[in-house]
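Chemist: Below is the structure I would like to discuss, written out as structure tokens.
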Amino acid sequence: MAVLSRSRCSIGRKKTIFISLSLMIVFGTIVAFAPNYTVFVIARLLVGTTVSGIFLSAFVIGTELTGPDMRTWTATLPHVAFATGYMLYALMAWGIRSWRPLQLTMTIPTVFLLFSWPFLIESPRWLISVDRHDEAAAIVKRIAKFNGVTVPAHVLNERNEKKKNDRRHTAIDLLRTRNLLIRNLNLFYQWFVTSMVFYGLSLNTSSLPGIDDYVAFFLGGFVEIPGLFSSYYLLDILGRPKCQCLYMTVGGIACIISPFLAPPYLPEHLAPLSIVLAMLGKLSISACFNISYIMSAELNPTILRNVAVGAGSMWARIGGVVSPFVVYSKQLWLPLPFAIFGGCAVLAGVVALALPETMGADLPETVEEAESFGTKRKPQPVYLSDIEKHGEAHQNRAFQEEDVTAL
């Protein structure tokens with residue numbers, strides 16, 4: 001995960017997608033023909049790693065290619081595709097009961113995705129961040145021509161001047177400054193809890209009374225769709241932190257209550273209520289995944305955006321690793337896994353309110369802009385010509401304070 005996050009910042013979003021896609025096809029095929037368990041586990045691990053590289057890079061490209069008005073929509077669509085694949089996988093597994101043919105059936109069609117190379121463009125924001133201004137300008141003009149608009153020359157010139165003074169940054173910059181440290185630690189916890197509860201509910205569906213495993217798996221994907229679309233509408237009404245708080249709290253409370261609505265606590269004929277609440281929890285947590293992606297992308301600067309989303313995804317994977325152990329705690333007390341999931345989710349909802357609002361805001365380009373985002377300290381751009389004329393002292397302009405409304 002860390003390697004792929006770094007590669008997205010060094011070789012670009014587009015190349016990372018296609019390198020990961022090619023490796024996924026290779027390792028997916030190896031999984032299908034694995035001669036022993038060791039080969040199976042290693043190849044399966046590598047498949048999971050490459051899938052993350054594809055999904056995260058595609059998400060970041062969509063986020064960076066759109067303005068504030070359309071950013072929520074482009075960020076939500078990949079998760080809708082994920083939920084659709086989730087449901088299709090349940091249907092495929094129901095029809096193909098042998099795992100080797102099932103693995104091949106999932107892997108072979110992805111070969112056709114390699115032919116999408118000419119149609120996918122690189123992120124202009126990333127190109128500018130690595131001083132490839134001519135390529136970025138060409139892509140922006142191409143997009144503008146397609147949309148029937150023109151790009152004012154001063155827009156690209158100002159962006160280029162700004163980037164000339166921007167030093168190279170590393171992943172440690174996510175935690176180097178006070179505001180970024182606090183915000184990213186908060187975001188990492190959001191990712192961890194979201195993934196732990198998401199996969200925990202998926203794994204624990206066998207504990208729900210009166211429901212077939214294939215049906216439960218399909219429903220787990222189906223309920224994500226309304227969760228994602230409802231979050232799409234609410235994100236631009238309530239804002240990011242409030243939405244995260246709402247969905248985390250609703251999902252957490254639903255998780256805590258659901259096991260008590262089934263035997264031995266209530267009569268068996270009321271067991272469907274438990275299923276409904278568990279699915280409500282899954283719906284809410286699916287929306288939280290969408291919001292976590294969006295907030296990680298919008299609160300971190302361009303040069304670190306892939307690293308930030310990748311680091312968050314790494315914490316999500318840790319949550320996924322912890323999840324089966326939480327599910328196993330039902331051996332001690334049947335409702336215990338749901339209580340743990342629900343309690344962690346409610347806490348995540350509360351601390352999410354500490355994050356600054358990003359709704360309708362421009363994406364931060366530099367670490368300084370990200371650090372001052374949501375505060376009264378707004379960075380002013382430093383141009384190379386100013387430094388050459390007036391000396392290094394003028395760099396302090398980047399830290400001038402203005403009275404602006406915190407987002």
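For all residues, glycine too, the Cβ spot is worked out from N, Cα and C.
Okay, these came from TrEMBL:
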- 1-360: domain 'Major facilitator superfamily (MFS) profile' (DOMAIN)
- 16-35: transmembrane segment (TRANSMEM)
- 41-61: transmembrane segment (TRANSMEM)
- 73-96: transmembrane segment (TRANSMEM)
- 102-121: transmembrane segment (TRANSMEM)
- 185-202: transmembrane segment (TRANSMEM)
- 214-234: transmembrane segment (TRANSMEM)
- 246-266: transmembrane segment (TRANSMEM)
- 272-295: transmembrane segment (TRANSMEM)
- 307-327: transmembrane segment (TRANSMEM)
- 333-355: transmembrane segment (TRANSMEM)
Chemist: Ranking 73-96, 102-121, 185-202, 246-266, 333-355 by the number of C-beta pairs under 8 Å to the transmembrane segment (214-234), which range is first?
Modeler: 73-96
Chemist: As a test of reading the model: what is the averaged pLDDT for the domain 'Major facilitator superfamily (MFS) profile' (1-360)?
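Modeler: It averages 87.
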Chemist: When you check the transmembrane segment (246-266) against the transmembrane segment (333-355), do you get at least 3 Cβ pairs under 8 Å, counting only pairs 6 or more apart in sequence?
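Modeler: Yes, since the transmembrane segment (246-266) and the transmembrane segment (333-355) share at least 3 Cβ pairs closer than 8 Å, they count as touching.
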Chemist: By a Cβ-Cβ criterion of under 8 Å, what residues six or more beyond either terminus of the transmembrane segment (185-202) are in contact with it?
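Modeler: Residues 175, 217, 220, 244, 248, 251-252, 255, 278, 281-282, 285-286, 288-289, 292, 295-296, 299, 308, 311-313, 315-320, 322-324, 326-327, 337, 341, 344-345, 347-348, 351-352, 354-355 contact the transmembrane segment (185-202) from elsewhere in the chain.
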Chemist: State the residues, same chain only, that lie 6 or more residues beyond the ends of the transmembrane segment (16-35) and have a CB under 8 A from a CB inside it; answer 'none' if no residue qualifies.
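Modeler: Contacts of the transmembrane segment (16-35) (Cβ under 8 Å, skipping residues fewer than 6 from its ends): 4, 7-8, 43-44, 46-47, 50-54, 57-58, 61, 100-101, 103-104, 106-107, 110-111, 113-114, 117, 120.
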Chemist: At a C-beta cut-off of under 8 Å, are there same-chain residues at least 6 beyond the transmembrane segment (333-355) that contact it? List them, or none.
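Modeler: For the transmembrane segment (333-355), the list is 182-183, 186-187, 189-190, 193-194, 196-197, 200-201, 204, 207, 240-242, 244-249, 251-260, 278, 281, 285, 288, 295, 299, 326-327.
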Chemist: Among 41-61, 73-96, 307-327, which stretch has the highest count of C-beta pairs below 8 Å with the transmembrane segment (272-295)?
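Modeler: Comparing 41-61, 73-96, 307-327: 73-96 has the most Cβ pairs near the transmembrane segment (272-295).
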